[in-house]
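A.B. asks: Can you keep this structure in mind? I'll have questions shortly.
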């Protein structure tokens, strides 16, 4: 009887391994859909029950189901794939597509007449800001802004090579400088995208489950009796838990992250968009679709500087080519005859678009430099202004909390060397266990 059962288990195990191997060996055009079934990119228009039902209800003038549109959108997002050599077809984020279409169309439309240029160059920043506040309110990740930034850089360089360079006013030296600037900007951006410095739990401990008696932020403390089961970490050695718990009781309670289940070091913060805790969190930058923290803050600042220098130099070359008789500082405002030819009008429009983008990033760079000079992160400045615990000047552009400032030179020295301190000393897990015990003891004493 036992031998028959063992043979049956062996056959089932072989079948499971065979199915697993078949799922792992996907061709470049195959993928596993949201239902866990194997599918092919050529079948993107097959078995569209949700879309058929929505169209049928529309033709019959029947009300749509509440979840029909969301289901159709989920099907479309799941089926738009790009063939890939390893691991099957990859899903394409739909948010990267609008900039690839809208930017060239709007810029070419604006080049027909200066009135159209005014309308387009005024509406485009407004549209971007509206989409920013729309996505920021939902606290969701999007590749729209990263796609817009990368495509703007690539498209401006493409027009520079195809439209400005043939005029003969740009030499190989100027072209080489612009090319090197674009390449260095992309390299710095890739380095910035690596990791902002995520707070990780200490793996060299033994895990145990305790109850952390503290109401969570933005939640009702009456739910579940004000307690929450969390995973804590207890080392194998004995320590002075009572003394450490008293010293770090308040700080651990304040810095405990219930989502990541870690005790955040000083100046670390939790990003609700990325869903992680980041060391010395400055802000979540939508233009790189990542947080700016202790590990990538310097490369983020370098990316801004390189982009601004390259953009300003490129704009000056374009204006010298299309408006040779005008002064560089006034060519953007007055360039007679620039709309006589479509090529020069397109170059002039792109110079205006680049100037708008450069102005926005220049403001961001100025804010970053001021905050670094006062040793304040953007997150700390926002909280301090909200709580009215900081000294501000120049309409909130300069914010000084006075907490971490060590002088101008000391602040910049700390900023330039903070990437070497990515593993700050964290609280011993026994302190948290002592914190829980201290909280229980205080409750008993009050009762």
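The backbone N, Cα and C atoms fix where each Cβ goes, and this holds for glycine too.
Remember, predicted model here, so these are calculated numbers, not experimental data.
For 252-381, the entry in TrEMBL reads domain 'Palmitoyltransferase DHHC'. Taken from TrEMBL, the feature transmembrane segment applies to 105-131, 143-160, 172-190, 300-322, 342-366.
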A.B. asks: Out of 143-160, 172-190, 300-322, 342-366, which stretch has the largest tally of CB pairs under 8 angstroms to the transmembrane segment (105-131)?
C.D. replies: 342-366
A.B. asks: Who are the long-range neighbours of the transmembrane segment (342-366) in its own chain, taking Cβ under 8 Å and residues 6 or more past its ends?
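C.D. replies: Non-local partners: 107-108, 110-112, 117, 121, 124-125, 152, 156, 159, 163-164, 301, 304-305, 307-308, 311-312, 314-315, 318-319, 321-323, 332, 335, 397.
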A.B. asks: Cβ under 8 Å to the transmembrane segment (172-190), counting only same-chain residues 6 or more beyond its ends: which ones?
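C.D. replies: Residues packing against the transmembrane segment (172-190) from afar: 153, 157, 160-161, 165, 288, 299, 302-303, 306-307, 309-310, 313-314, 317.
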